[in-house]
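First the structure, then my questions, so here it is.
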Number of protein chains: 2
Amino acid sequence: MELHAVAGLPEIRPGDDIAELVADRATLEAGDVLTVASTIVSKTEDRAVDLEEFPVSGRAAEIADRLEGITGDEKDPRFAQAVLEESTELLIDAPFLLTETRFGHICVNAGIDRSNVPDNDILLLPKRPAESAERIRSGLEDRGIEDVAVVVTDTCGRPFRHGQRGVALGWAGMPASRDWRGETDRDGHELGVTVQSVVDELAAAANLVTGEGDGGTPAVVVRDWEFGDHGGSDELFRSVEDDLIRQALREWRFDE
Amino acid sequence: MELHAVAGLPEIRPGDDIAELVADRATLEAGDVLTVASTIVSKTEDRAVDLEEFPVSGRAAEIADRLEGITGDEKDPRFAQAVLEESTELLIDAPFLLTETRFGHICVNAGIDRSNVPDNDILLLPKRPAESAERIRSGLEDRGIEDVAVVVTDTCGRPFRHGQRGVALGWAGMPASRDWRGETDRDGHELGVTVQSVVDELAAAANLVTGEGDGGTPAVVVRDWEFGDHGGSDELFRSVEDDLIRQALREWRFDE
């Protein structure tokens, strides 16, 4: 398997066509996966916005006030409002905000970024990353580049383990997961692994070569890799019903 | 970045020398990372064992009985005993066992595997995977192969997202994480990413090429990749104090 960062992408602006910008700078082959950081997808989709676009509700004011009291850091209630508007559920409301975004991804502050936005206050995640991935994939097809899967990525923390790692937000042209259920080891025993989250592993691999900040290269081509002859599943985000941790969080409140 | 599975490894047995087996089959260069699946590390360390080695305590009998009642599946109390002996804390005791292993990793059933063990009942994780990684690294050095980092990997599920992905259990010759704190984006804003869990991303990338079962290739060489000029941290496993999810789980009990 090989991963190559796409070199020379310009600063991305609203309306830019990522498929065109990548196709002009990289040779893509059938079977490749193109990973694209959500930051640049968001920028093309006009998701860099100012905090003044988020008039503060009573709930946002209350949340910001409580967080300020707990952390001792100044909290802008308009930021809390933006997080609420991007989310369907607040899983943790103190000492930080862990929410489920409108497209099912669970992360801190609804994934809203305060860096990487030169002309605005904040950068929201793409509204529907699966559609973004599909649009980039179609754009490649329009240029005669067939059979390239696209994964829109972000970085994200997690319970139990320190640090952030690359994760997939949306994908097109491949399943999210390899389904190994029913497959056996050399001796005929059923495998312990059941479902392998391939899009997340691709996002993690890509994140090793993208970097952040000044030297950032937000698009990566993955080559010489095969999904293989396995069942596929497109479910990546768990529902509350099959996630005990989410159920536990519903019954818990941070104790100041 | 390139990843190559090490081809032609034999079925691994107790006492086998992984450094030797890999060095005989792959050319390793300074700066490479060698990832090794914990399954083969465990086998060399005599961690394939039989259930009769786990005489059942009252607590294990109670746990197995309760799980049997909830799931309707037969549960061997000796397996519950093995999980307890491998763990320092039970985070979830029903409808499945989520525990912290003795070396700090949190996973279902203390990572005990019932597949991939031809001659025994179960395969325990390596006792101290960081020491295992260090031993393999030293073994490579003994053969004149210098400056190769080693990551012992496993696959593991997680809250919020379906599917398993590769994770690091132990590592040697590199930090666990890149520390980006204090670094800035193109416009001088502090980055949203703070600590990047590099060993987990390497494990995830490697898991894309290792496969499971019949075609499994448990060792992978990662090349043309750089840790880069960043601070490093060796903390991968969170403590209870800085993990709200663990705190929430302590106050929660599965409701039958």
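Residue positions begin at 1 at the first shown residue.
Cβ atoms are placed via backbone N, Cα and C, with glycine included.
Here TrEMBL flags A:9-12, A:38-39, A:K43, A:N116, A:210-217 as GTP binding site. Annotation comment: TrEMBL describes A:9-224 as domain 'Coenzyme F420:L-glutamate ligase-like'. Marked as divalent metal cation 1 binding site by TrEMBL: A:D113, A:D154. Taken from TrEMBL, the feature divalent metal cation 2 binding site applies to A:T155, A:E212.
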Which of these binding-site residues has the least crowded Cβ, counting other Cβ atoms within 10 Å: A:S38, A:T155, A:T210?
A:T210
By the DSSP assignment reduced to helix, strand and coil, which category contains A:D113 (divalent metal cation 1 binding site)?
strand
If you count the C-beta atoms lying within 10 Å of each candidate's C-beta, which of the binding-site residues A:E11, A:D113, A:D154 ends up with the smallest number?
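The binding-site residues A:E11, A:D113, A:D154 were compared, and A:E11 has the fewest Cβ atoms within 10 Å.
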If proximity means a C-beta under 8 angstroms from chain B, which of A:D113, A:D154, A:T210 count? These are the binding-site residues.
A:D113
What Cα-Cα separation, expressed in whole Å, is found between A:E11 (GTP binding site) and A:D113 (divalent metal cation 1 binding site)?
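A:E11 (GTP binding site) to A:D113 (divalent metal cation 1 binding site), Cα-Cα distance: 16 Å.
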Three-state secondary structure of A:T155 (divalent metal cation 2 binding site) from DSSP?
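It is in a strand.
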Helix, strand or coil: which one is A:T210 (GTP binding site) in, per DSSP?
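DSSP assigns A:T210 (GTP binding site) to helix.
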Any idea what DSSP makes of A:K43 (GTP binding site), helix, strand or coil?
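Note: A:K43 (GTP binding site) is helical by DSSP.
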Work out the three-state DSSP category of A:S38 (GTP binding site).
helix
Cβ-Cβ under 8 Å from A:K43 (GTP binding site), same chain, 6 or more residues apart: which ones?
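Within the chain, A:K43 (GTP binding site) has Cβ neighbours under 8 Å at A:I12, A:R13, A:P14, A:D16, A:L123.
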Give the number of CB atoms, excluding that of A:G216 (GTP binding site) itself, located within 10 Å of its CB.
17
Mean pLDDT for the domain 'Coenzyme F420:L-glutamate ligase-like' (A:9-224), as a whole number?
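In the predicted model, the domain 'Coenzyme F420:L-glutamate ligase-like' (A:9-224) has a mean pLDDT of 93.
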Using the alpha carbons only, what distance in Å do you get between A:L9 (GTP binding site) and A:D154 (divalent metal cation 1 binding site) once rounded?
18
